[in-house]
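Taken from Swiss-Prot, the feature active site covers Asp71. Under the heading active site, proton acceptor, Swiss-Prot lists Glu125. Residues or ranges marked as Zn(2+) 1 binding site in Swiss-Prot: His69, Asp95, Glu154. Residues annotated as Zn(2+) 2 binding site in Swiss-Prot, with similarity to another entry given as evidence: Asp95, Glu126, His330.
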Amino acid sequence: MLDLRGDPIELTAALIDIPSESRKEARIADEVEAALRAQASGFEIIRNGNAVLARTKLNRSSRVLLAGHLDTVPVAGNLPSRRENDQLHGCGAADMKSGDAVFLHLAATLAEPTHDLTLVFYDCEEIDSAANGLGRIQRELPDWLSADVAILGEPTAGCIEAGCQGTLRVVLSVTGTRAHSARSWLGDNAIHKLGAVLDRLAVYRARSVDIDGCTYREGLSAVRVAGGVAGNVIPDAASVTINYRFAPDRSVAAALQHVHDVFDGLDVQIEQTDAAAGALPGLSEPAAKALVEAAGGQVRAKYGWTDVSRFAALGIPAVNYGPGDPNLAHCRDERVPVGNITAAVDLLRRYLGG
């Protein structure tokens, strides 16, 4: 059985050594559930698919939700775990079994927390959003996600990262007239027309937005270009896929309108293919403010999209905070500094009390 009350570094290693690729989390969920039932007193514990949920009912004035996903990307020859000096190596070491270990250890060792606690260990975060276990819990058990602040244990190198950017993908398509390239004047080259789109992107200046002391830098980038029929054909169609990462003060609708404004006047068709709203940091809320104080005021904006957006949609302030370097997530040499693990335990113990 997992030892939740022992060394959280050893607990991290034990979690890493349980393979848990997305959709194959049954074993790790079984282990987590059994350990919580045996070692975390005062929690109501339930199972939802391959997700494990636990909560206290201490009638505290505020509730803190700790959320972590149990799944990892496919193993890349990086199991079992191994310790080298101050680094713990293995699949999921940073993303995010070290964060899970911190939450599990605290659940079993906090005697008198000053907040009520909810823990959500969920499945299928690393694959398509439609399969995400947190989304399923939101649909099937919405009362379990009620909280005054949520902490998602994604790797942040031990710094609190508030909110997250939104993301929007669109395809800009242009049309022309097909012709033999030997008689190019009879055609209208669609690929050439993309030049005007790329020119707009080349001179675009992304904005930076300060929200609750966090600076969110936006980005509007071409990520794919498609076109061409054959080596002797003037193409009659071409497209460029654009990804807009926008600050959380903009809605998806406002982000889409901004893209239309940027390319206004060009003869292009704009089709939205994917979008997810960002999450405001909400650091002015009392429960979130206390967390920032426990961290000594060290907080920064989160770049990229994470599940904190799901909490923001519910009106719950949410932050990312966990051990490990996010740049090492999904790498063959994924690892976490063991000092990050103990530091996260210490900080959250100060914040949660007990």
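Note: Cβ is positioned from N, Cα and C throughout, glycine not excepted.
Structure coloured by features recorded in Swiss-Prot.
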{"residue": "His69", "record": "Zn(2+) 1 binding site", "Cβ contacts under 8 Å, 6 or more apart": "Met96, Asp100, Phe121, Tyr122, Asp123, Cys124, Glu125, Glu126, Gly133, Leu134, Asp307"}
{"residue": "Asp71", "record": "active site", "Cβ contacts under 8 Å, 6 or more apart": "Ser20, Glu21, Ser22, Arg23, Lys24, Glu25, Asp123, Cys124, Glu125, Glu126, Ile127"}
{"residue": "Asp95", "record": "Zn(2+) 1 binding site", "Cβ contacts under 8 Å, 6 or more apart": "Thr72, Val73, Glu154, Pro155, Gly324, Pro326, Ala329, His330, Glu334"}
Which of Glu125, Glu126, Glu154, all recorded positions, has a Cβ with the fewest other Cβ atoms inside 10 Å: Glu126
